[in-house]
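Inspection log for the structure reproduced underneath, given as structure tokens.
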Amino acid sequence: MWYHKLLHQQSRLQNLMKRGDIAHGLRLSGFKSLFPFSLHWCHTASKSVNCTWHQHEDHLELQYASTVMRFDYVWLRDHCRSASCYNSKTHQRSLDTASVDLCIKPKTIRLDESTLFFTWPDGHVTRYDLDWLVKNSYEGQKQEVIQPRVLWNAKLYQDAQLPSVDFQGFLETKEGLKKFLQNFLLYGIAFVENVPPTQEHTEKLARRVSLIRETIYGRMWYFTSDFSRGDTAYTKLALDRHTDTTYFQEPCGIQVFHCLKHEGTGGRTLLVDGFYAAQQVLQRAPEEFDLLSQVPLKHEYIENVGQCHNHMIGVGPILNIYPWNKELYLIRYNNYDRAVINTVPYDVVRRWYAAHRTLTTELRRPENELWVKLKPGKVLFIDNWRVLHGRESFTGYRQLCGCYLTRDDVLNTARILGLHA
């Protein structure tokens, strides 16, 4: 299961971090060295004697080393990387998939060292490196974690002693940006210090890593407790843990917070790793985890304040997983904005409430709560698909600014810097 892989990965990462060698670990072939199954496939190219196959009516059964894989013949023809089928400069397919005979079979198959050659009925030859087939097979993907993460509760995060990144280093050096993104990808939160306490500098910081996602709240939002928008965030009240924009079909990926001024008490920010809590549910009540990943819910935002009139609806389960490896990639949890439950029959509703209660209990455990006092100059980035946030009530005048970032662009920046994202 995905959490077993993450637990193993987390242990390896923590050992690397203790030795001050995390950057080395992150560079190793996109984290492959951190996974036991990736190690299994290393240096197998020379072991061609361990490669055998059997041709079935509609697919090839291939055993390479100790792994059995199955490839549909249409798939093998469609994924040909020859010059006439695939443009290696643009990394785009040239072959018209609809032109491939759905009953196609190779005339011959031969192995030359670590490469399989397929000759098709029309004479076209497709070649595949065995390691490429392993990496891209369904059986191989079932063992892969899409994004390595370190799951945490408050103590685990504090014990990691992750350093913040300085504003100038973040803006001016690849090393500073990469260090920030390493922390963010692994833990779902990251801080930048010594930022001038203005909206303009906060925007400059955000644009270093991503395009800013414009929403119904604008590009950069700036708010106090004046209830200028129809949202509890625009008050002095405490906010329970939640993820933002659950009422969007695609919730915003990253959230940026900068407290520009606070003349009063309270107002600490609450952070909870939703994936850590979900892991506890999966371990203790796997059937409830499954239910939370299967039942679609509506979340809704209705606003009629001043000139702001909006009615947003987003639909999706609380826990979102990749179907091929059951890896969790998004948690959509906001009890404020959850709409009427009318997407499942009555006999599922009670079981859903029980599962929701189990997850909520985990999210509310005091040991899972990380409390942070935001202050001018300290900017917080939150993975809104993973980490829930909230706040305690406060007194006095408090100004915050921030924005949402497009998740694709943050991950794109990370990949360009050589990180696994």
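Every residue gets a Cβ built from N, Cα and C, even glycine.
Keep in mind that what you see is a predicted model, and the values were worked out from it rather than measured.
Binding of Fe cation is annotated in Swiss-Prot for His242, Asp244; the matching candidate from His124, His311, His356, His389 at the same site is His389. Look at His389 (Fe cation binding site): DSSP puts it in a strand.
Asp244 (Fe cation binding site): 20 other CB atoms within 10 A of its CB, across all protein chains. The Fe cation site, placed at the center of the C-beta atoms of His242, Asp244, His389, has further neighbours from the same chain whose C-beta lies within 8 angstroms: Leu239, Arg241, Thr243, Gln255, Asn334, Ile382, Asn384, Leu388, Gly390. According to its DSSP assignment, His242 (Fe cation binding site) is in a strand. Of all the recorded positions listed here (Lys179, Lys236, His242, His389), it is Lys236 whose C-beta has the fewest other C-beta atoms within 10 angstroms.
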